[in-house]
Amino acid sequence: MASRLSRLSDLGGSGLSSNFWINLVGFQLIWWSLVLWGNAAMPVALLLLLIHVFLHFSPRKELQLMLVVAVVGFAVDSLLTLSGVFRFSSADLPSPIWPPLWLLVLWFAFAATLNQTLNWFSGRYRLAALIGGPGGSSTYLAASELGAVSFGPGVLSSVALLTLVWALLFPLLILLKDRIEVHHVCMSR
C-alpha cells in the first residue's frame, strides 16, 4: 500500500511491484468493508489510510492528492445524491440530503490508488476515459447489488449516467494527480 515497501522484491517476476499488490488489496479491503458495513467500518478504513500515508515516500504530497480527489469525488457524489440518482440507507446519513460519511472515506481510499495501482493511467487520459466510464459505473452497480446504494431513476439510466460521469471524472482525477505530482517535483527543487 505504501511506497516505502517498494524495496520488497517483485512478486513472481511479473513486473508489478509488491507495492501494486499491497495497494490493490488494501483498497479492496476498504471498499468491501465500507460497502458492506457502512459507517461501522470507518475506523478500520481510516487506520489503513493513515498507515498508507505514513509509509508513503512523500506523505505530504500523497495527503494533498488524497484530499483533493476526495473533495472532488465526494462533491460529484453529493450532486448525484441531491439530484436523486443515489439513495442511501438513512442509518448512515449525516443528513437526508448528503451521502454517508463512509463514501467520503471511500474517496480517500480511491485516491490512495492513483499513485500506485492506477499510476499506469498517468498521461493516458483517453484510455482513462475509456476504462473509467464502465469501470467507475460498475463499482456503483456492485455496491447497489450489495445493498449499499440504490438508484432513484432506475438501474439502466443510472448506470448510463454514471458511465458518462466516470468517463469525464476519471481522466480529470488522473490529470489532477499528474499536476500535483509535477507541482510537487517543481516545488522541491
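Cβ from N, Cα, C; glycine included.
Just so you know, TrEMBL annotations are computer predictions that nobody has curated.
If you check TrEMBL, you get these features:
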- 29-51: transmembrane segment (TRANSMEM)
- 63-85: transmembrane segment (TRANSMEM)
- 97-115: transmembrane segment (TRANSMEM)
- 127-143: transmembrane segment (TRANSMEM)
- 155-176: transmembrane segment (TRANSMEM)
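Each of 63-85, 97-115, 127-143 was scored by its Cβ pairs under 8 Å to the transmembrane segment (29-51), and the highest score goes to 97-115. Residues 31, 35, 86, 121, 149, 155, 158-159, 162-171, 174 of the same chain, all 6+ positions outside the transmembrane segment (127-143), place their C-beta atoms under 8 angstroms from a C-beta of that stretch.
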